[in-house]
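> Below, the features straight out of Swiss-Prot:
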- 25-66: domain 'LRRNT' (DOMAIN)
- ASN63: N-linked glycosylation site (CARBOHYD)
- ASN77: N-linked glycosylation site (CARBOHYD)
- ASN208: N-linked glycosylation site (CARBOHYD)
- ASN500: N-linked glycosylation site (CARBOHYD)
- ASN792: N-linked glycosylation site (CARBOHYD)
- 139-160: repeat 'LRR 4' (REPEAT)
- 375-396: repeat 'LRR 14' (REPEAT)
- 1-21: signal peptide (SIGNAL)
- 583-593: topological domain 'Cytoplasmic' (TOPO_DOM)
- 660-682: topological domain 'Cytoplasmic' (TOPO_DOM)
- 744-767: topological domain 'Cytoplasmic' (TOPO_DOM)
- 824-907: topological domain 'Cytoplasmic' (TOPO_DOM)
Amino acid sequence: MDTSRLGVLLSLPVLLQLATGGSSPRSGVLLRGCPTHCHCEPDGRMLLRVDCSDLGLSELPSNLSVFTSYLDLSMNNISQLLPNPLPSLRFLEELRLAGNALTYIPKGAFTGLYSLKVLMLQNNQLRHVPTEALQNLRSLQSLRLDANHISYVPPSCFSGLHSLRHLWLDDNALTEIPVQAFRSLSALQAMTLALNKIHHIPDYAFGNLSSLVVLHLHNNRIHSLGKKCFDGLHSLETLDLNYNNLDEFPTAIRTLSNLKELGFHSNNIRSIPEKAFVGNPSLITIHFYDNPIQFVGRSAFQHLPELRTLTLNGASQITEFPDLTGTANLESLTLTGAQISSLPQTVCNQLPNLQVLDLSYNLLEDLPSFSVCQKLQKIDLRHNEIYEIKVDTFQQLLSLRSLNLAWNKIAIIHPNAFSTLPSLIKLDLSSNLLSSFPITGLHGLTHLKLTGNHALQSLISSENFPELKVIEMPYAYQCCAFGVCENAYKISNQWNKGDNSSMDDLHKKDAGMFQAQDERDLEDFLLDFEEDLKALHSVQCSPSPGPFKPCEHLLDGWLIRIGVWTIAVLALTCNALVTSTVFRSPLYISPIKLLIGVIAAVNMLTGVSSAVLAGVDAFTFGSFARHGAWWENGVGCHVIGFLSIFASESSVFLLTLAALERGFSVKYSAKFETKAPFSSLKVIILLCALLALTMAAVPLLGGSKYGASPLCLPLPFGEPSTMGYMVALILLNSLCFLMMTIAYTKLYCNLDKGDLENIWDCSMVKHIALLLFTNCILNCPVAFLSFSSLINLTFISPEVIKFILLVVVPLPACLNPLLYILFNPHFKEDLVSLRKQTYVWTRSKHPSLMSINSDDVEKQSCDSTQALVTFTSSSITYDLPPSSVPSPAYPVTESCHLSSVAFVPCL
């Protein structure tokens, strides 16, 4: 008689007594058999579950109940098992010894376990399968030997395991298939040999496993298969050969007539032959992506009526769409990363049941009509070369829910291309060439992506998308129709609609509100009100508007607006006045005057930039969102940004040159040396202009973009390239201010005490010092802003940053000429000379007036000339032309006490 049956028969009296006796087994025998520190609980009326896991045990507990059906000894320190350690556990069905330190299991270790069905020995240190310990466990159904160090499987180790259904041998060190050991496992249904070091599968390796349904061989080193290696696997439905080193298509699968799921992705297979799956008509799913496939036979996937999923990723050499005749039940088709340039017009006739189509990362240029694919729910065509979407491309796809057309070259979409897609909720058209967007038939969209279409600058009304939840637009201004600003505006209008009505109307509205509130419950009223508010804020739109992407006004706040207008007016008028007095004056232009005139000219460009921004703000007042994208991408914004940076940098460079010129002039005058030629100064001015042009051209060359914001200025935050550019500008300007400070400090220190009054009373020296001080002070907040952004200091609000960029940065452009006009006497002299010259020019245009009294006119002319020319014993160094420089008998740096002199001959 079978020993297992004998054990059960011997235990029947005890079971009958427990079942019919008055005392409860839970309170009697069962609980008395629970080892110390273990957790025990009843398993039905007569059996016990014992959990002794993770207790640090080094040996098996000895006082186990005979009625134990489940014993968990995993995660302990058990290193060995003695023969017959659990002799009385005839009812034990599951034994867990995982996560211990077992290196060897002796014969008889599981003797007496007649009912054992599940044995877990994973995560130990076994180097081979126990030769005799597992034999004759006739009830065993599941055996786990994974995550050990097994490199050898004895031929007879599984003999007697007639009930074994599941065998885990994965994550070991096997180098070959243990063919002899598997011959006794005729009832085996699932086996995994994954994560080993198997190189080859010989013929008839699984010849006696006729009941095997699932076989996992992934993550090995298999490079070859015997042509008959799968013979005998008549019931196999799942075969996993993924992540191996196969070089050729596994033609041995043709004998697997019941195969339903096949995976051999991530190998080195380069071709799939014609009629590759002719012997596998039951295939439902095939995964063979991430293979360097160069050739696929056109008939490779024909006549697979049960195939539901076909996935081929990374087949970079496929140029033709496969012929899928007879594979009419395909539901999911993925062919990505290939070079397919066209689709057959009959693709939907072959695949009428297709639900998911993924042809991303191909070279498709033109699309056929998918109208026959009535069951399509998802289409992914991103990263192709599609140029146009015709009216019939997606016509009558009533089940289509997701359509991805991103990263193509789509420039034309027929107005009714999406008009017959009632189920469409997700549409991705990002990174195309769209300049317009059709809205017909898209009222059910919940997700819409249009980002990257830089030519799409028009606003899209939120009323056309009542169900929309997430939208991505090319420009932040287009989110104003969906954002908080617009919602708040609507709410404000609703609450303020009756502000101008009469008191009687207000009382009527209040009465109506309270009457409606009385007619229904107050809580329902409040809930409805909250839902209305949430509905207004339900759409998530990106990129979101903000201070640098405004919805209504380019210059938010009247403080900034008035500041920009003031700077524009003062910079234009004052710099124009200074430039006119310097360059149109009949008096001789000294080097320092030339520099002041050039500085005024470049400062005028800053005034032009501020004036243009103020004009754009006025033109788009209250509706900047309608024009924001046009302004950012227009030539005007880039020109204004270029002029702003050029003018700012030129002003700093020229001011540095002026400070150095003053220092050199004092040095040469003190040493009775000849000054540098006037032409050299002009060359240096030209070099400063070229350097400023170079700095201003960097954003146009890709370092950053002037059109990144409507302010047309590189912002001191955001992309690293933009931040680096701004920091470079600040460092360069700081270096210039340092040079100016050193030059003037050296000038002061090198003067004798008696010369101080003469030098510091000179108007031009003091004027440059004043410019140095004001410009340096105004440069500090800009420098602080740039460096704080560099180290991620976020305590500065965007409004403050905007004020600094629009008001503080261009402020020197209007202060520089004002300081010259108000505090420099040379301006008054030049202005008087200009007025006299203008007067003479005007009189010369009217000869009748000149002939009234010619004698008086001649006398006035001579008097004027004599008034301009003053002979003195002091020599003038810089206010005379080079040809009239006298000998330096009395060297003076500049005309500190005398006016500028010009020699004009008397008429």
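Heads up, the Cβ atoms here are built off N, Cα and C, so glycines get one too.
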> For the glycosylation sites listed here (ASN63, ASN77, ASN208), tell me which residue's CB has the most neighbouring CB atoms inside 10 Å.
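Comparing the glycosylation sites ASN63, ASN77, ASN208, the most crowded Cβ belongs to ASN208.
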> I'd like to know the mean pLDDT over the topological domain 'Cytoplasmic' (583-593).
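Its mean pLDDT is 76.
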> Would you list the DSSP helix, strand and coil counts for the residues of the repeat 'LRR 14' (375-396)?
0 helix, 5 strand, 17 coil
> What's the CA-CA gap between ASN208 (N-linked glycosylation site) and ASN63 (N-linked glycosylation site) in angstrom, rounded?
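Roughly 42 Å, rounded to the nearest whole number.
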> About how far apart, in whole Å, are the alpha carbons (Cα) of ASN63 (N-linked glycosylation site) and ASN77 (N-linked glycosylation site)?
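For ASN63 (N-linked glycosylation site) versus ASN77 (N-linked glycosylation site), the Cα atoms are 19 Å apart.
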